[in-house]
């Protein structure tokens, strides 16, 4: 390997958003990084969140969407999940930071006397900390794609934009490029696409000292050449640097669309590089199988955050990955667990599989257990994740073992039958002993990150993982299955098929076609080109049993 490959001069691609939020900056960043990776480059990616929370770990799913957990136990923005899924790479805590983390770090350093009595200010101290974290994420990479959350014009984002401006000044034009994602709204009454909001957004960026080199124009329909020329002139970018990003039927189509729009040409030109040519044949094959699959299955998704499906983003994508690799469309039938409580299990009839995901709190729990019982008694393939596994154990204890008061200490701290309990000490990711109680702070006190799990010989869980005896999966939970009840449930047919340092990690029914619960979150390690084995097998078994039922 050449010295330049070992210690490359990192090139920075900053991605900002204008007009409004939720335009797809995360997908844009992931897509650009994917094309560069498939061109043979060593690519890193970073998400900056301007909110003042230290991390999203204690934020409501309705407020923020899903919390994505990295292998090293960081609770991060859901865009980190997109990055991992697109790039088929594990990222760490250094690939996502917030305003809260930046200020906390600066204030703690000031308290230790690290600034030698100086007055601490946004410029230079906060901005310098931001630049330090950006450079840290880019170490050893040929490219670092940096996504700035929020919208240009938000007061919270100003220090980060100043850091971008300073890095361009310090590193030079051949190492920094600015990509601005913006909306071209369609006025349906007139049938017109409007460029004025984009022009105003770019003007706002310029006032801060940043001129974008590439405009990503989000639109419901194709942009006429006249509008591209208008954007090119009004925003002072080359014509071929106006990249049209039409709504796509799947997010995995976006890198292919960007490749057709030739987005890598203006990037190579800015960085004074030869033509960049990605190899996307395998990616293209999988996208075709998403768009035109041979088979289909219907999976009942029994949850309680259904009004904001972003809360289950990684799991939804994991089902897509499994379907793509099986050439099967996964139809998700959304089943509100509270409606099942009040109206019964009728929505679960005629589905091919039942999935109960993770969650927190007692609301909707009875409905989830009714769904689990329905899957168990009717031999429907079932996958329970985190809370879903815990509820499967409680349902089994109540309805098979006859332990009427079986419960979780999360719902009833005084329950006489704590099937699920709060484990008060455990070894964390770094090998340190952690102690937690009901009075511990909510933030950062869960069992987080990647842990090893040993799988039981001859189990369906081990078969799902292609016979692997030891796997690594990610966790995000406070409560554990109580080993005190292990012997009783195993004698009745619900066996422990996975464990880690004495903790129950996976359960399965021995007299059922496919009924598995896992304490970990398999969705966090699923990728389009490398689907998670237990989710892939769940869809595969649902499809196989559907075909058996259809043919019989």
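Including glycine, each Cβ sits where the backbone N, Cα and C put it.
Remember, it's a predicted structure, so these values are computed and weren't measured experimentally.
Quick look at what Swiss-Prot annotates:
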ACT_SITE  386  active site, nucleophile
ACT_SITE  521  active site
ACT_SITE  523  active site
BINDING   21, 154, 155, 156, 194, 195, 196, 197, 198, 199, 230  CTP binding site
BINDING   79, 147  Mg(2+) binding site
BINDING   359, 387, 388, 389, 390, 410, 478  L-glutamine binding site
DOMAIN    298-548  domain 'Glutamine amidotransferase type-1'
REGION    1-273  region 'Amidoligase domain'
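A separation of roughly 17 Å, to the nearest angstrom, links the Cα atoms of residue 155 (CTP binding site) and residue 147 (Mg(2+) binding site). Listed in chain order, the residues near the L-glutamine site other than 359, 387, 388, 389, 390, 410, 478 are 358, 360, 386, 391, 408, 420, 477, 479, each with its Cβ within 8 Å of the site Cβ centroid.
Of the recorded residues, residue 147 (Mg(2+) binding site) and residue 359 (L-glutamine binding site) place their C-alpha atoms 28 Å from one another. It is 410, among the binding-site residues 147, 410, whose Cβ has the fewest other Cβ atoms within 10 Å in the structure shown.
Using a 10 Å Cβ-Cβ cutoff, residue 523 (active site) registers 28 neighbours.
Rounded to a whole number, the C-alpha distance linking residue 478 (L-glutamine binding site) with residue 21 (CTP binding site) is 33 angstrom. Among the residues the record lists as binding CTP, namely 21, 154, 155, 156, 194, 195, 196, 197, 198, 199, 230, the two farthest apart have Cα atoms separated by 31 Å. In the structure shown, across all protein chains, 389 is the one of the recorded positions 155, 386, 387, 389 with the greatest number of other Cβ atoms within 10 Å. Note on proximity: of the recorded positions 194, 196, 230, 521, 523, the one nearest residue 387 (L-glutamine binding site) is 521, by Cα distance. In the three-state DSSP scheme, residue 478 (L-glutamine binding site) is classed as coil.
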